[in-house]
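Novice: First, the structure itself, so that you have it in front of you.
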């Protein structure tokens, strides 16, 4: 009897393993671990709504419509914009309002998988007022009058726990974004300030940005690729090695997570990254990333101390 019961349980586990992924792939809204997935690939006339949570990654699956120009393999950033409501059963199209006007420091990353845009949306860690944004998909043939979309409700935020000392995230912005576009503490020009230094402590969020929201910057790149997942590291000396940040701070979190998807085309548009330093750091360390512009570099150095200064 017991052997028969074990055999039945084993059979049930195999069935769940085989069939659950297929079943989940046909759900419109999926929550798995720390992911919320809006699946508009299989629901091309649908929509989703979610409240943003920094502990969850929000993903949108959009079908690639063949009659569109997708040669550069990027998800068009103008497809994400501030939500202005529904009129006559259609979403109000506000694509002219660039997403950075609403959320300076937002990141969109995209991977192409099975003729599908696999988009991840990372709002910044400072949001000055409650806001709702939408990201839309192209309409498929036969559904031209219907716009599939994901709606994201984002609450006013002042750091992860309202713990910022100022109004901005600690970090180096070699895009020199200022005024309404400012989101990092140090907007700088690499031509006049090739070195930017940040002091950080356990629990801090730090950032880097290489992109200007107002001026086209030729040949901009964030190095090492995948920063802050990968960083140049030193124990407060000037001898650096490239390593995964979790080798030196095991509980550190980085946004976006591009470790498994190098060469992400949308990340080359946004050129922004954040690092959440864990609440416990064993020792003082030094890391850096840089913004590269056709061989010229802006160096962003982060001195991370194990304890806060008294």
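Even glycines carry a Cβ here, placed using N, Cα and C.
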Novice: Consult Swiss-Prot and report the residue, out of 69, 114, annotated as N-linked glycosylation site.
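Specialist: Out of 69, 114, Swiss-Prot attaches the N-linked glycosylation site annotation to 114.
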Novice: Could you check Swiss-Prot and say which of 47, 72 is marked as N-linked glycosylation site?
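Specialist: Matching 47, 72 against Swiss-Prot annotations yields 72.
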Novice: Quickly, which of 55, 290 does Swiss-Prot have down as N-linked glycosylation site? Just give the residue.
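Specialist: Per Swiss-Prot, N-linked glycosylation site applies to 290.
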Novice: With every protein chain in view, what's the tally of Cβ atoms within 10 Å of the Cβ of residue 38 (disulfide bond), excluding that atom itself?
Specialist: 28
Novice: Which of the recorded positions 114, 118, 137 has its Cα nearest to the Cα of residue 291 (disulfide bond)?
Specialist: 118
Novice: Taking only the Cα atoms, work out how far residue 172 (disulfide bond) lies from residue 62 (disulfide bond), in Å, as a whole number.
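Specialist: With distance taken Cα to Cα, residue 62 (disulfide bond) is 33 Å from residue 172 (disulfide bond).
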Novice: What number of additional C-beta atoms lies within 10 angstroms of the C-beta atom of residue 80 (disulfide bond)?
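Specialist: Excluding its own Cβ, residue 80 (disulfide bond) sees 26 Cβ atoms within 10 Å.
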Novice: So of 48, 135, 172, 210, 291, which of the disulfide-bonded residues has the fewest other Cβ atoms within 10 Å around its own Cβ?
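Specialist: It is 48 that, of the disulfide-bonded residues 48, 135, 172, 210, 291, has the fewest other Cβ atoms within 10 Å.
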Novice: What mean pLDDT does the predicted model reach across the domain '6-Cys 2' (168-309)?
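Specialist: PLDDT averaged over the stretch: 90.
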Novice: Looking at the disulfide-bonded residues 80, 210, 227, which ones sit with their CA no more than 10 Å from the CA of residue 290 (N-linked glycosylation site)?
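Specialist: Cα within 10 Å of residue 290 (N-linked glycosylation site): 210, 227.
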